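As written in TrEMBL, here are the features:
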- 1-26: signal peptide (SIGNAL)
- 54-198: domain 'Cupin type-1' (DOMAIN)
- ASN96, HIS101, GLU106: oxalate binding site (BINDING)
- HIS99, HIS101, GLU106, HIS145: Mn(2+) binding site (BINDING)
Amino acid sequence: MASRTSSLKFFSLLFASFAIVQMAMAGDPDIISDFLLPANGTVDANFFTYTGFRVLVGGGPPTTFKVLKATLAEFPALDGQSVSCAVLEFPSGTTNPPHIHPRSAELLFLVDGTLEVGFIDTKNNLFTQTLQSGDLFVFPKGLVHFQYNADAQNPALAISAFGSANAGTVSLPNTLFTTGIDDNVLAISFKTDVATIQKLKAALAAKS
């Protein structure tokens, strides 16, 4: 528990610099004011404070893969600031399935544990790495990527920074098998049969 809390404190010293780098690379439209006012037109320091990550302090690891986000949806003060972040908690043997972020690169910092990570470029080249605690890895904007905790005993904790207040996430399993795409289209595309596609759809539906 002490190690987990210490790791989170260590990250807090680094994240500010990560965010500055991401803001410099940001793809969100520039604003012509210091910040964007909320609908009621008034702000105080609370508007610029996000407390959603307090649940991590002193808490144990989850039993399933979990993502805590601080994006425009959760933290309205990020509107126009071209930055956001997410905390990823990986119990042993869990994965963040292949997905893309259409509006930003992702800069992942591994706080604790080990992770197998990778992405695929537009020439279908696969780049993989085994990350150790303290490592950084960048997933280029819009490319399919994943993370996997292959450690059978220990959880992993990572924090990702994005150069957009709303990077977006497109999960490939969910997009392909839970959105109503015709079974025949998927069966032909994956060179398999409709029965296999239906099994995949049923398995994902059972987990949702």
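Any Cβ shown, glycine's included, is placed from N, Cα and C.
Not measured: the values here are computed from a predicted model.
TrEMBL feature annotations superimposed on the structure.
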| residue | record | Cβ within 10 Å |
| --- | --- | --- |
| ASN96 | oxalate binding site | 22 |
| HIS99 | Mn(2+) binding site | 19 |
| HIS101 | oxalate binding site | 23 |
| GLU106 | oxalate binding site | 25 |
| HIS145 | Mn(2+) binding site | 21 |
Distance [Cα-Cα, Å, rounded] between ASN96 (oxalate binding site) and HIS145 (Mn(2+) binding site): 9
Additional residues around Mn(2+), ordered along the sequence, whose Cβ is within 8 Å of the centroid of HIS99, HIS101, GLU106, HIS145: ILE100, PHE119, PHE139, LEU143, VAL144, ALA167, THR169
Rounded to the nearest Å - Cα separation of HIS99 (Mn(2+) binding site) and GLU106 (oxalate binding site): 12
Integer Å distance between the CA atoms belonging to HIS101 (oxalate binding site) and HIS145 (Mn(2+) binding site): 9
8 Å Cβ shell about ASN96, HIS101, GLU106 centroid, oxalate site members excluded: ALA86, HIS99, ILE100, LEU108, PHE139, HIS145, GLN147, SER160, ALA167, THR169
